[in-house]
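S.K.: Copying in the features that Swiss-Prot gives for the protein in this structure:
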type     : residues : note
DOMAIN   : 292-437  : domain 'Peptidase S30'
ACT_SITE : HIS345   : active site, for P1 proteinase activity
ACT_SITE : ASP354   : active site, for P1 proteinase activity
ACT_SITE : SER388   : active site, for P1 proteinase activity
MOTIF    : 489-492  : motif 'Involved in interaction with stylet and aphid transmission'
DOMAIN   : 773-895  : domain 'Peptidase C6'
ACT_SITE : CYS781   : active site, for helper component proteinase activity
ACT_SITE : HIS854   : active site, for helper component proteinase activity
Amino acid sequence: MATLDNCTQVHHMFAYNREHGTNYTRNHFRRYLAAQRIGFYYDWDDDVYECPTCEAIYHSLDDIKNWHECDPPAFDLNDFITDARLKSAPVPDLGPVIIEIPKAEEKQELNFFAATPAPEVSQWKCRGLQFGSFTELETSEPVASAPEPKCEEPARTIAKPEESVEQETRGDGKRLLQAQMEVDKAEQDLAFACLNASLKPRLEGRTTATIARRRDGCLVYKTKPSWSQRRRAKKTLKVDTLACENPYIPAIVDKISIAGGSSASVMHEQQKPKTLHTTPSRKVATHYKRTVMNQQTLMAFINQVGTILLNAEKEFEVVGCRKQKVTGKGTRHNGVRLVKLKTAHEEGHRRRVDIRIPNGLRPIVMRISARGGWHRTWTDSELSPGSSGYVLNSSKIIGKFGLRRHSIFVVRGRVDGEVIDSQSKVTHSITHRMVQYSDVARNFWNGYSTCFMHNTPKDILHTCTSDFDVKECGTVAALLTQTLFQFGKITCEKCAIEYKNLTRDELATRVNKEIDGTIISIQTQHPRFVHVLNFLRLIKQVLNAKNGNFGAFQETERIIGDRMDAPFSHVNKLNAIVIKGNQATSDEMAQASNHVLEIARYLKNRTENIQKGSLKSFRNKISGKAHLNPSLMCDNQLDKNGGFEWGQRSYHAKRFFDGYFETIDPSDGYSKYTIRRNPNGHRKLAIGNLIVSTNFESHRRSMIGESIEDPGLTNQCVSKEGDTFIYPCCCVTDEYGKPTLSEIKMPTKHHLVLGNAGDPKYVDLPKEAEGKMFVTKDGYCYINIFLAMLVDVPEDQAKDFTKMAREIAVKQLGEWPSMMDVATACNILATFHPDTRRSELPRILVDHATKTFHVIDSYGSITTGFHILKANTVTQLVKFAHESLESEMQHYRVGGEPDKAPRKPAGSVPTLGISDLRDLGVELENEEHSIRPNLQRLIKAIYRPRMMRSLLTEEPYLLILSIVSPGVLMALYNSGSLERTMHEFLQTDQRLSATAQILKHLAKKVSLAKTLTIQNAILEGGAGSLNEILDAPAGRSLSYRLAKQTVEVMMARSDMDKELVDVGFSVLRDQKNELIEKKLSHGFGGFVARTTIVWKIISNASLAAMAGYFYSRSNPNRRRRFERQIQYLGWICFQKRDLAPKGNLLRRSKES
């Protein structure tokens, strides 16, 4: 039968596996052989090494080499004594010797060390004395033995006297003792020779070893490695060789001279020793009394310490020999004090033996446990998760418990309904099936508590107390964790990776779903946690701090986006920062404050520059060199053929190709794709030229385009800001000022064509579109601009860019949008993705006849003669979004005309071109007398309800012109027009309703002012509130522009005069205001006087008719009462008694 003790070959181990059902491998066998070589015991089950001397456990040979400090067994002289020497020797008899001498020989030689036993006749009779053993003596010469007497001859018995016999006995004893001493000496020499031979390598190693101190304080020899010894031997051999080659011959030195001078002893000057002026230290060694305990004292000490540990629930460590130790702590379970030992499974290790308690330490652990609930009886149902390491009395447990081998039972876990002892060795299958009773919640709480206390703030000014319930605190902490992270388990790594991959918007959306419910839950169930509510509200405010007012951003860009001079440049930068909302960084917010400061300085010291320009001197030549595109030159973004690598951008570009491109089927030919129609006309693509003719004549004919009529250079070709040309937004001209006309553009397949200057750049379409031909749908040719911008977008931002372009830009642009809207959309995208501002655009052609922009794709154009737009980058194209830009092309459609193109999506702001305003008779800002006639129109409509209703319907913002004159504003307020405007437009136009409310408030304040100067100051102060309302988009109507101009003039006037008024100066404009007010009041007063006369006539006629009717049907008493009432009513109406109807009126009534 195979056993592991006689396992010398691998097949022995396999035979043992088959017999016992074990699974030992070759690795176990190798470790078993290694343990035999170093003299260790190998435990096959636990796969560990055990030292037979110190009983220490090691898991690998490296651990033995680094940590094993056990001393080897000492040698003894008995180890080298022969086995024969250890045998018991016969005791010689030293009594009288009777020697029988045969007759043949008179003299016989005695041999005490013969191998054959002596004859029974020859005996030594001695009592109580033993000198040594009678073993065989190692000798080379044989010892002659006494011959046996022959039977034939009779033996002679010699009787000697007693004295002679005694003397002979003494001589024999001396000889025997001398022989014994020689034997002992020989054996001793032999033993020491063997000892020297065995210790010679060890002693020779100590000659080169050094003495080192171990951790326990013992001094040991530390031998040097073999390579160091070899180097030392080689060096010694070299020195000996040199000594043999150049032997040293000693000589007597009788004179030493240093540089020919006197000897050193003569030149040396004797120096006096320095005097010590300090008191020497007197360090006295302190001798501590050594603590000595007997067994009784030691037990009492352990009892006292155990009581303290269990009561205070402190941690302790019982240390034994070398590295033997047991760690535990005091705890309470069901109100009983217990000892809880530190086990391996609580640290995350699953081992067959969970804890090893040395036999020498087990009584101490039991003694400490006895100070608690040692004598309490426990059942298995009282143990649950969290009970790991509890030390119980093995004789006091009842129920389903596993094997109990020791007096103490350490709880490990439960398997198959039984509670297992941590000291027991279990199989690997049980180890993995066992439900460990470690306290996961306690581990979490220990980590939380430790880190919480370690990071406690140091600047708390009060003493912290326990006011909240701990369970309620845990509930609120769980709510916060699930609100912010939303994990299925806090230990789940997949949830963490999923949370990490969320974008900023997705994360905000995810948190916003839960944060409202959490706030309501805390308010209702945990109202004391107000600090948590404040934190959640702050988080919600930060997450929702988005600026979705893209309309205001668009309007700002349209108004002043192209202005590069101060303060408009600061406003543009501020607008770009504000639109980011919560995505703006702290540095950007600091920059925003600086821009506000610059705007404030400008408003304080305002200046204006007048620029002039003329078409006669207009030149807008395009560069002959190609535009430098860094994205197409970076080696990291090019393949081995120099082509552009789309990377992740290729996948996200599908959002453009799927919705706004049409797949071309070459099998049906290209004829149906040749005509590119728009609402106002059409253009021929060069897609048919993809079928290339090899005939030179035919090929040359295909290179001839179809030209259209050239309108020449007109105001439609240029864009101005004031009188300054904005060249990127103008058509390209030659050096003589004539517009440059487009030529035929040859087609290509699967490319995106970029560049407006020099040679075009061909970029391969994304791999997602590989093998297919795409053409944009009608009305969506501007998608090529967004596709060109995608080239410069970083790969990790491609998803956000394409989603924003599709869901925000394209959704609002729709089909055939205006160039202003396209430029605004590009600016919004460039704000969130600044790298796209340098993106190179496809070539854009201008068709003034149909007021259309053509974005040329890879299929070119056969139609020629179009003007060429100079804008080559997104930054230059964005200038079309500025409202201050005076340009007809600003309102051209990218594929159609405003009156024939489909309606724009909801949310777009209606705009009118400058030429359209002139056609409608609208006066521009720079024309004189633009406010006065409209103010007169407002004054006429004050007391004409129908005219006022018509005015509010057509030009509602003319009401703001009333702030020019306090009298006009008061009349407008008294007429009730402001009140009617407020109520009528409350549902339809809240902006206009708010304007009427502000004017009503200003009228009330003006009515309380006593002087005209104060009234004008009140009106100028209220201009700021009206300006805030006018900043919202309101179109290009006449009333809006006039109101905006009037408010800005009043604000600027107030700001300029503020410093003078503050120091007490008065400006000359006060007299001017009096003249203006008098002139307006004169016209307005005449109208009021005429209205008063008409009112008197109507009122007298009405009273006369009433009086006649009453007199004809009343008695005299009632007539007199009626006369008094008529007089009183006249006084109330006219505030003068002489204006009341008198007796003539009554007399005429009586006569009638």
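Residue 1 is the first one shown; counting continues down the chain.
Yeah, the Cβs are placed from backbone N, Cα and C, and that goes for glycine too.
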S.K.: By Cβ distance under 8 Å, which residues at least 6 away from the ends of the motif 'Involved in interaction with stylet and aphid transmission' (489-492) in the same chain are close to it?
M.R.: 481
S.K.: Quick check: in three-state DSSP terms, what is HIS345 (active site, for P1 proteinase activity)?
M.R.: helix
S.K.: Compare the Cα of ASP354 (active site, for P1 proteinase activity) against each of the active-site residues HIS345, SER388, CYS781, HIS854 and report the nearest.
M.R.: HIS345
S.K.: Rounded to a whole number, how many Å is the Cα of SER388 (active site, for P1 proteinase activity) away from the Cα of HIS854 (active site, for helper component proteinase activity)?
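M.R.: The Cα atom of SER388 (active site, for P1 proteinase activity) is 79 Å away from the Cα atom of HIS854 (active site, for helper component proteinase activity).
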S.K.: In angstrom units, rounded to an integer, how far apart are the Cα atoms of CYS781 (active site, for helper component proteinase activity) and HIS345 (active site, for P1 proteinase activity)?
M.R.: 68
S.K.: Just to verify: the residue among HIS345, HIS854 with the fewest other Cβ atoms within 10 Å, which of the active-site residues is it?
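M.R.: Comparing Cβ neighbour counts within 10 Å for the active-site residues HIS345, HIS854 gives HIS345.
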S.K.: DSSP on the domain 'Peptidase C6' (773-895): how many residues come out helix, how many strand, how many coil?
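M.R.: The domain 'Peptidase C6' (773-895) comes out at 57 helix, 24 strand, 42 coil.
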S.K.: If you run the three-state DSSP split on SER388 (active site, for P1 proteinase activity), which class comes out?
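M.R.: Once the DSSP labels are grouped into three classes, SER388 (active site, for P1 proteinase activity) ends up as coil.
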S.K.: How many Å lie between the Cα of HIS854 (active site, for helper component proteinase activity) and the Cα of HIS345 (active site, for P1 proteinase activity)?
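M.R.: A Cα-Cα distance of 74 Å.
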S.K.: Just counting, how many other CB atoms are there within 10 A of the CB of SER388 (active site, for P1 proteinase activity)?
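M.R.: Taking every protein chain into account, the count is 24.
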S.K.: For the motif 'Involved in interaction with stylet and aphid transmission' (489-492), what are the DSSP-based totals of helix, strand and coil residues?
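M.R.: Summed over the motif 'Involved in interaction with stylet and aphid transmission' (489-492), the classes give 0 helix, 0 strand, 4 coil.
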S.K.: Per DSSP, what is the residue count of the domain 'Peptidase S30' (292-437) in each of helix, strand and coil?
M.R.: 41 helix, 43 strand, 62 coil
